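A.B. asks: So TrEMBL lists these for the protein:
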type	residues	note
ACT_SITE	His74	active site, proton acceptor
BINDING	Asp75, Val78, Gly80, Asp82, Ser84, Glu93	Ca(2+) 1 binding site
BINDING	Pro166	substrate binding site
BINDING	His196	heme b binding site
BINDING	Thr197, Asp248, Asp256	Ca(2+) 2 binding site
DISULFID	Cys43-Cys119	disulfide bond
DISULFID	Cys76-Cys81	disulfide bond
DISULFID	Cys125-Cys328	disulfide bond
DISULFID	Cys203-Cys235	disulfide bond
DOMAIN	33-332	domain 'Plant heme peroxidase family profile'
Amino acid sequence: MEYYYNYNSINKMVSIIFILVLAIDLTMVLGQGTRVGFYSSTCPRAESIVQSTVRSHFQSDPTVAPGLLRMHFHDCFVQGCDASILISGSGTERTAPPNSLLRGYEVIDDAKQQIEAICPGVVSCADILALAARDSVLVTKGLTWSVPTGRRDGLVSRASDTSDLPGFTESVDSQKQKFSAKGLNTQDLVTLVGGHTIGTSACQFFSYRLYNFNSTGGPDPSIDASFLPTLRGLCPQNGDGSKRVALDTGSVNNFDTSYFSNLRNGRGILESDQKLWTDDSTKVFIQRYLGLRGFLGLRFGVEFGRSMVKMSNIEVKTGTNGEIRKVCSAIN
């Protein structure tokens with residue numbers, strides 16, 4: 001018996017299945033009330049204004065890209081993605097130690113001012129920050145993704161709530177617990193921390209690893225011995241704790257996988273980052289992003305966008321919750 005296949009029909013069926021799977025996947029990661037193109041009719045230029053503003057500021061100060069990416073992460077982990085981190089004043093999130101060195105606030109203010117001039121009271125600061133984080137990856141040569149919008153701005157900002165943020169000394173188990181509490185899994189953890197492929201850290205957050213680590217009298221044994229003199233040269237003992245050092249040695253302004261290569265080679269800067277390589281549950285995702293033999297490969301750029309969409313929908317305020325701020329640094 002002979003079988004005749006209609007390949008056009010098969011291809012069409014495969015395409016339909018792919019679209020259905022994609023739709024299901026998007027439904028799982030998008031929050032209630034947010035959607036791609038939320039401002040397409042009410043403020044169609046909003047996204048392009050944010051992107052051009054990020055690009056303009058980046059050209060004069062490349063540090064704003066990692067600053068905006070971190071700011072969005074720090075915003076979402078405290079009170080959800082509601083721009084509470086942007087509110088200035090005594091005792092706000094912005095003043096808390098984990099946020100004291102964040103940068104890029106002027107980019108958000110600039111974009112907001114331009115958008116308010118043409119669409120007053122329409123676009124939230126929370127959405128501007130989410131879009132700016134995506135565009136920060138784009139200007140550093142990373143892949144883009146569609147950002148669901150429709151968030152509203154929060155009415156509460158407390159420095160005391162920032163304990164939800166993962167710290168630079170935390171164990172992998174503690175990091176996983178904090179991510180899980182926000183609906184993010186182990187792959188999301190490794191992927192989002194991979195955002196450290198751009199940006200810097202201050203010596204004060206890792207120099208303790210270089211000298212008398214855990215009162216051993218020597219350095220953190222997980223640091224590559226050939227890399228140690230370089231780090232000590234950048235951060236001498238009792239030196240300037242505010243000096244900045246690239247989190248991804250050799251590729252500070254490129255959004256790529258070299259950060260994971262550095263972890264594999266014992267060249268992670270933060271203790272919490274390097275631990276991702278020494279723990280089997282997180283190490284496997286690094287191996288997959290690096291495409292190591294014997295491991296099913298993952299495309300970091302693609303997965304980063306997916307994890308960012310999940311994160312950007314943490315505890316969002318939509319509908320009549322919250323407000324649309326007139327100025328991002330102050331509640332109306």
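Yeah, the Cβs are placed from backbone N, Cα and C, and that goes for glycine too.
Just so you know, TrEMBL annotations never went through curation; they're auto-generated.
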A.B. asks: Using Asp256 (Ca(2+) 2 binding site) as the reference point, find which of the recorded positions Asp75, Gly80, Cys81, Asp82, His196 has the shortest Cα-to-Cα distance to it.
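C.D. replies: Checked the recorded positions Asp75, Gly80, Cys81, Asp82, His196; minimum Cα distance to Asp256 (Ca(2+) 2 binding site) goes to His196.
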A.B. asks: Excluding Asp75, Val78, Gly80, Asp82, Ser84, Glu93, which residues of the same chain place their Cβ within 8 Å of the centroid of the Cβ atoms of the recorded Ca(2+) 1 site?
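C.D. replies: Sorted by sequence, the hits are His74, Cys76, Phe77, Gln79, Cys81, Ala83, Ile85, Gly154, Ser157, Asp161.
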A.B. asks: With the cut-off set at 10 Å between Cβ atoms, which of these disulfide-bonded residues ends up with the most neighbours? Options: Cys76, Cys119, Cys235.
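C.D. replies: Output for this query is Cys76.
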A.B. asks: Of Gly80, Cys125, Cys203, which is closest to Cys43 (disulfide bond) if I measure between C-alpha atoms? They're all recorded positions.
C.D. replies: Cys125
A.B. asks: So among Cys81, Ser84, Cys125, Pro166, all listed as recorded positions, which is physically nearest to Thr197 (Ca(2+) 2 binding site)? Use the C-alpha atoms.
C.D. replies: Pro166
A.B. asks: Please average pLDDT over the domain 'Plant heme peroxidase family profile' (33-332) for the predicted structure.
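C.D. replies: Across the domain 'Plant heme peroxidase family profile' (33-332), the average pLDDT comes out at 96.
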A.B. asks: List every residue in the same chain as Asp248 (Ca(2+) 2 binding site), at least 6 positions away in sequence, whose Cβ is under 8 Å from its Cβ.
C.D. replies: His196, Thr197, Ile198, Gly199, Asn254, Ser258, Tyr259, Asn262
A.B. asks: Measuring Cα to Cα, how far is Cys203 (disulfide bond) from Asp82 (Ca(2+) 1 binding site) in Å?
C.D. replies: 30
A.B. asks: Out of Cys125, Cys203, which of the disulfide-bonded residues is least crowded by other Cβ atoms within 10 Å?
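C.D. replies: Among the disulfide-bonded residues Cys125, Cys203, the lowest count of other Cβ atoms within 10 Å belongs to Cys203.
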A.B. asks: Are there residues of the same chain, six or more positions away from Asp75 (Ca(2+) 1 binding site), whose CB falls under 8 angstroms from its CB, and which are they?
C.D. replies: Cys81, Asp82, Ala83, Ser84, Ile85, Leu86, Glu93, Ala126, Leu129
A.B. asks: Which of His74, His196 has the fewest nearby Cβ atoms, counting only those within 10 Å, among these recorded positions?
C.D. replies: His74
A.B. asks: With every protein chain in view, how many other Cβ atoms are within 10 Å of the Cβ of Asp256 (Ca(2+) 2 binding site)?
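C.D. replies: So the Cβ neighbour count for Asp256 (Ca(2+) 2 binding site) comes to 17.
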